[in-house]
Amino acid sequence: MDAFSSSFCTKFYPHTNKLIFSPTSTSSQTHLFYISAVNVEERPKRTTTSQNNNSSSTPTINTETPVLGGDHSKKPVLTKRRPSSRSFVTDTPSFPSTIFNTFDNFVNNFIDPPTRPSVDPQHVLATNFAPVDEFPPTKCTVIEGELPESINGAYIRNGPNPQYLPRGPYHLFDGDGMLHSLLISNGQATFCSRYVQTYKYKIEHKHGSPVFPNVFSGFNGLTASAARGAITAARVLSGQYNPINGIGVANTSLAFFSKKLFALGESDLPYEIKVTPDGEILTVGRTDFDGKLYMSMTAHPKVDPKTEEAFAFRYGPVPPFLTFFRFDSSGVKQADVPIFSMTRPAFLHDFAITQKYAIFTEIQIGMNPMEMIFGNGSPVGADPSAVSKIGVIPRYAKDESEMKWIDVPGFNIIHAINAWDEGEDEIVLIAPNILSVEHTLERMELVHALMEKVRINLKTGMVSRQPLSARNLDFGVINQNYTGMKNRFVYAGIGDPMPKISGVVKLDVGDDQEQKDCTVGCRIFGPGCYGGEPFYVEREPNNPDTDEDDGYVVTYVHDENTGESKFLVMDAKSPTLDIVASVKLPGRVPYGFHGIFVKESELKKL
């Protein structure tokens with residue numbers, strides 16, 4: 001059984017079935033809780049007794065897992081995790097698998113060990129970034145306030161959660177997608193955590209070890225890239241897996257369109273998801289929309305609330321670097337619109353739509369094969385010599401003939417919050433601009449995102465930019481009924497640092513207010529408490545005359561002092577975003593990426 005290299009000295013005690021984690025001091029000032037004692041392919045032993053989610057006698061996994069966070073000088077608190085309700089069959093490693101794993105270990109230990117913090121599992125998976133096991137549907141306790149009657153549905157958050165702890169370099173973006181759902185009905189809440197059953201997840205579960213290469217961290221330098229490329233080719237040729245069936249992890253976001261719910265990651269096709277009435281999360285399967293969707297799709301499609309159309313794109317390392325497309329209200333994918341005027345393979349994670357246009361950005365971060373091969377860097381990196389651009393195309397364009405590109409130096413966005421048309425020739429875009437773009441993938445703790453209101457004149461090519469707040473803000477959301485239309489309020493996470501969110505702010509972006517902070521509401525979660533992306537939920541979803549901010553802001557929050565996670569419901573109108581309800585979660589929710597709230601009426605249609 002493979003284990004970490006010498007820097008990951010394992011201490012597995014079979015007689016206790018415990019995976020021992022020990023705190024390590026990295027300096028006199030900083031204390032991080034490192035994973036220093038886990039076998040790479042070791043999985044918790046599961047009991048076979050049937051479960052009763054409403055009973056305290058529910059069986060537990062024998063493995064004890066520390067709750068990471070808080071005072072790391074103290075002995076970690078241990079909690080028991082419940083078993084998954086699913087059963088899997090893991091093959092005994094074949095001779096070829098053993099050979100490939102041996103070569104993998106050689107590469108990870110001697111050719112390309114994880115020397116940089118951004119790809120060192122001990123660093124990346126510290127504290128509440130550490131992976132958790134699946135958690136079956138379990139009733140929760142409301143510990144503060146009451147869940148509003150109008151919030152009936154499921155809040156689901158996606159994020160990386162590696163099925164097996166990495167053998168070598170690992171980036172946060174490489175983890176297998178895990179969905180953490182809270183189903184709410186008539187004031188009662190049921191929590192569940194499940195992996196997205198991607199092709200990659202199922203193949204590796206069958207083999208009992210990592211099989212696919214890590215895209216963001218596995219190709220560093222010519223020698224390492226050649227070695228891992230050869231091992232990958234050998235695995236494919238031996239029949240361990242077929243990359244045509246997908247290589248993605250579906251760990252980024254969720255989207256609801258065409259009356260279906262999808263888990264998304266931009267390196268693969270969408271995976272259809274269902275949430276059952278008892279709170280269970282099911283993966284229906286990988287979806288290619290009747291063979292019309294190829295290769296991959298953005299994790300941030302935009303759904304027009306009026307027409308129910310979904311707009312999306314894919315990007316890649318070879319021309320056309322960008323391809324734009326849409327789905328009609330019935331879920332039928334329309335023809336691709338390849339954009340050959342995009343001149344380089346920029347990192348294009350998100351975009352925006354208005355009622356007339358789709359807006360893309362060609363930023364200074366892009367696919368960087370030369371740096372990957374000759375500079376021991378990531379396949380995605382910053383190019384300071386590149387000039388950022390904004391591209392605008394009619395959203396019903398049949399080809400790229402009407403695509404317009406405008407130079408906007410220093411404008412580097414990862415996420416776009418909203419956009420709208422003003423008059424005949426102007427577009428307004430709300431987005432956080434990444435300062436210190438060179439740190440985006442390697443040193444996320446140094447990234448500062450400045451929320452901006454960008455006004456684009458398509459006739460003159462002039463662009464004006466207005467900062468909306470000096471805070472480090474990202475993961476911004478709006479009332480989804482205003483997607484592609486003029487809106488007034490934005491709810492954004494305060495990076496401390498990203499992707500840990502120390503609080504939520506409410507911005508008023510409706511009017512141009514030069515040299516003025518647009519913050520009109522704020523809630524800080526408290527010392528040692530961090531959440532994720534907020535999400536806006538309507539108070540009266542069937543009332544078209546309700547105010548734009550008449551609703552709730554919801555998110556998961558983890559307390560690093562106690563090791564507990566909770567679900568917060570905040571009053572979206574309140575200047576202090578008052579807490580309406582707080583739900584104690586029976587399982588830990590690691591820090592992750594994007595979420596969604598799906599109404600009960602929509603869940604019933606899945």
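The chain as shown is numbered from 1 upward.
Note: Cβ is positioned from N, Cα and C throughout, glycine not excepted.
The region 'Disordered' feature in TrEMBL is assigned to 43-89.
For 47-65, the entry in TrEMBL reads compositional bias 'Low complexity'.
Residues or ranges marked as compositional bias 'Basic residues' by TrEMBL: 75-84.
Look at TrEMBL and you will find His300, His349, His415, His594 tagged as Fe cation binding site. Shown in sequence order, Arg157, Asn158, Thr252, Ser253, Leu254, Ala299, His300, Phe475, Glu533 are the residues of the chain, 6+ apart in sequence, with a C-beta less than 8 angstroms from the C-beta of His594 (Fe cation binding site).
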Query raised in the report: Cβ distance under 8 Å to His415 (Fe cation binding site), same chain, sequence separation 6 or more: which residues?
Result: His300, His349, Asp350, Ala431, Pro432, Asp474, Phe475, Gly476
Report task. Ten-angstrom check, please: count other Cβ atoms within 10 Å of the Cβ of His349 (Fe cation binding site), all chains counted. Result -> 18
